[in-house]
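Marked as domain 'CBS' by TrEMBL: 703-767. Here TrEMBL flags 1-29 as region 'Disordered'. According to TrEMBL, the feature transmembrane segment maps to 87-107, 128-157, 177-200, 244-268, 274-294, 329-351, 371-391, 456-481, 493-518, 524-551.
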Amino acid sequence: MDHNVDIEYEGGGKMSRNGSASDERGMNRQPLLSKNRVNTSSQIAIVGSNICPIESLDYEILENDLFKQDWRSRKKVEIFQYVVLKWTLALLIGVLTGLVAFFNNLGVENIAGFKFLLTSKFMLQHRYYEAFAVFAGINLFLAVLAGLLCAYIAPAAAGSGIPEVKAYLNGIDSHSILAPSTLFVKIFGSILGVAAGFVVGKEGPMVHTGACIANLLGQGGSRKYHLTWKWLRYFKNDRDRRDLITCGSAAGVAAAFRAPVGGVLFALEEAASWWRSALLWRTFFTTAVVAVVLRSLIGFCRSGKCGLFGEGGLIMFDINGTIPDYNMVDLVAVILIGVIGGILGSLYNYFVDKVVRTYSYINGKGPMIRVFLVGLISLLTSCCAYGLPWFTNCVPCPVGLSVECPTVGRSGSYKFFQCQPGHYNDLASLLLNTNDDAIRSLFGSTNANEFRISTLAIFFLAMYILGIITYGIAIPSGLFIPVILAGSSYGRLVGTLLVSISNLDVGLFALLGAASFLGGTMRMTVSLCVILLELTNNLLMLPLMMLVLLISKSVADNFNKGVYDQIVRMKGLPFLEAHAEPYMRHLVAGDVVSGPLITFAGVEKVSNIVHSLRLTSHNGFPVIDEPPFLEAPELCGVVLRSHLIVLLKGKMFTKQRRLTGTETLQRYHAFDFAKAGLGKGPKMEDLDITPEEMEMYVDLHPITNTSPYTVVETMSLAKAAVAFRELGLRHLCVVPKTPGRPPVVGILTRHDFMPQHILGLYPGIDKRH
């Protein structure tokens, strides 16, 4: 990939001596790059398996003359259309995400079901080598197909997608992360990857899928497809798209877990960096629609018209029949589960970070290497799933079961495998099953002795290790299911050990183990608690669930960050945390602005604008009003790069330096300056300006945001960082403390708040205080 092109960086009005968008003293580290790859123009990050330039998003409301004129001219019916459209899009996001989740499960259950039935057929005929060849061969075929889709069509679809969605809602626009090709590969790659038997989930990819659907619906119309109705144009801005993508991410969780309230809380606690009450209503409406769609479709499938996808439906682990009655021993056990879950969860995050860094280096070698790595992990997973049950003894079927034992088909917990009649292989029941069915078995409470301690220990180690080494390969892969599998097996193991002195059954212990692992890896509390309660339909577990989540999160926070935060950092995405770093209190805003600062006059020469745009990749430039229009220089506002290009393309130039605001307002509409979807905005290459026009002037006042956010240069950097994030800014002007100086000192952008930049400027500062 060529990094020597001009790609917009972080939107700053600063330029280093080589004309790049980064100040050479505070160049951000390049994530996981080999030494011979040098970034010369822009901030870059790992997106999927590729290294791509990134830019910030404009969440700020622009208040220039053109947009003010547009607001004043809106009629009541247009405002009503805008409100109705917002709710209509929320409805469509819910419907489409619910449909995708349903067909995702339909595809996984039928493909995996066919695979297990075929394997079981050979096993019953004692053709064990052929059974393994069929099992591993189908898995390898599905895995390679998913890998090819990711490697060649949409590398951004690899992985969970939650870190990228979280970064987008923080204000970071990663290349192709929400593109239609990414949506396509995310859907089909997830179906193939889960059906291939990988220790991955489809829950993380569903969050990404919901965000992609929301982004596609929120493009604000399309000239290409003649969708240019006036009321669609109101959505051509990052602010409205952000709200829709927040709804999409919540819909993804609701669709994956059938947990509408959990989806809203997930978006609030983990995904979104900015929230308001109106967004809460719309997000809740979207997840409610998802729940209705899924319930309707699953009801249809109960009639047997969906192949092997029947009664189970989506991952709904109903343990409502068990009433928790716990004593002091149980509380001690729950606290112990929380502590150990926090330790093992933080260790899980540590190894995931190391593995993903290694895979990122390997994936950088080319698409075929990525596919080869996918195939290798697939063969390893198949060998473990088929081979490990051979090392365990068969278990006699318990008397008085309401279900068939042993089961000879795909469904059921009591797998026949290679056992004699009347016996079953408990490890095969977990490994040679879909992940959802394995979790359902672990959460089950009908038979406390269904799985032996040795079986649970082996399964725990297998899921723990396979979950770590699988995440990071070039397929859509979620972390929720691997963590739940490992946690529930560990929890059931503890419950089996304490079965003689505990009032809680092993199924509830499995649930608490899953909660402890989720808390230790994800570091979420409220949303995870509600998701698990909705998932298991057991509200009586609320006190114990809250306790174990709080303990596991508190313990794990002492070791490292949550898994999604680690991946965001590892990928090089410039994420702004909710709190400022301690050392920022010792610095002021003026300490981190760097120059020289590029500014424009209110009526500027065309050649100066063209030269500055070609020389730099900055997104925003301060506009200074000067004599003869004012007695002394004064900050007029900030003008955006994209708006300058539109104005230059329209060639509203004058030979004399004069104001032409009225003519500009008559000629242009706010829609002409709206942000195009999917990065198809105007480019410098589109301009065709003659040498005569270069010597002319253009009035910037109509397109200048006259109310930019400003801070005084003596404000603490910590305070400025919190304001920057809370307001969702891209540019923050720094103005002088004393009079008689230029009206603007510089512009703070996302890059200026990054630890790498600040510590590069002040390497001797104490990072801890």
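Glycine residues also receive a Cβ, built from the backbone N, Cα and C atoms like all the rest.
Bear in mind that TrEMBL entries carry predicted annotations, made automatically and left uncurated.
Model, not experiment: these values are computed from the prediction.
Secondary structure of the domain 'CBS' (703-767) per DSSP (helix as H, G, I; strand as E, B; remaining residues coil): 22 helix, 12 strand, 31 coil. Long-range contacts of the transmembrane segment (274-294) within its own chain (CB-CB distance under 8 A, at least 6 residues past either end) are made by residues 59, 86-87, 90-91, 93-95, 97-99, 101-102, 169, 242-243, 246-248, 250-251, 253-255, 258, 260-261, 263-264, 267-268, 314, 726, 728. The stretch in closest packing with the transmembrane segment (244-268), judged by the count of Cβ pairs under 8 Å and taken from 87-107, 128-157, 524-551, is 524-551.
Predicted-model confidence for the domain 'CBS' (703-767) is 91, expressed as mean pLDDT.
Using a cut-off of 8 Å between Cβ atoms, the transmembrane segment (87-107) and the transmembrane segment (177-200) share at least three residue pairs, counting only pairs 6 or more apart in sequence.
Here the transmembrane segment (128-157) sits against the transmembrane segment (371-391); at least 3 CB pairs are under 8 Å, leaving out pairs fewer than 6 apart in sequence. The stretch in closest packing with the transmembrane segment (329-351), judged by the count of Cβ pairs under 8 Å and taken from 177-200, 371-391, 493-518, is 493-518. Under 8 Å from some Cβ of the transmembrane segment (493-518) lie the Cβ atoms of residues 319, 322, 324-327, 329-330, 333-334, 336-338, 340-342, 344-345, 348, 439, 442-445, 448-449, 451-453, 456-457, 460, 480, 483-484, 486-487, 524, 528-529, 532, 536, 538, 541, 544-545, 548-549, 551-552, all in the same chain and six or more residues away from its ends. Long-range Cβ contacts of the transmembrane segment (177-200) within its own chain (Cβ-Cβ under 8 Å, at least 6 residues beyond either end) map to 47, 100, 104, 107-108, 111-112, 115, 138-140, 142-143, 145-146, 149-150, 153-154, 156-157, 161, 164-165, 168, 206, 208-209, 211-213, 215-216, 245, 377-378, 381-382, 385, 434-435, 463, 466-467, 470-471, 475-479, 481-482, 485, 678.
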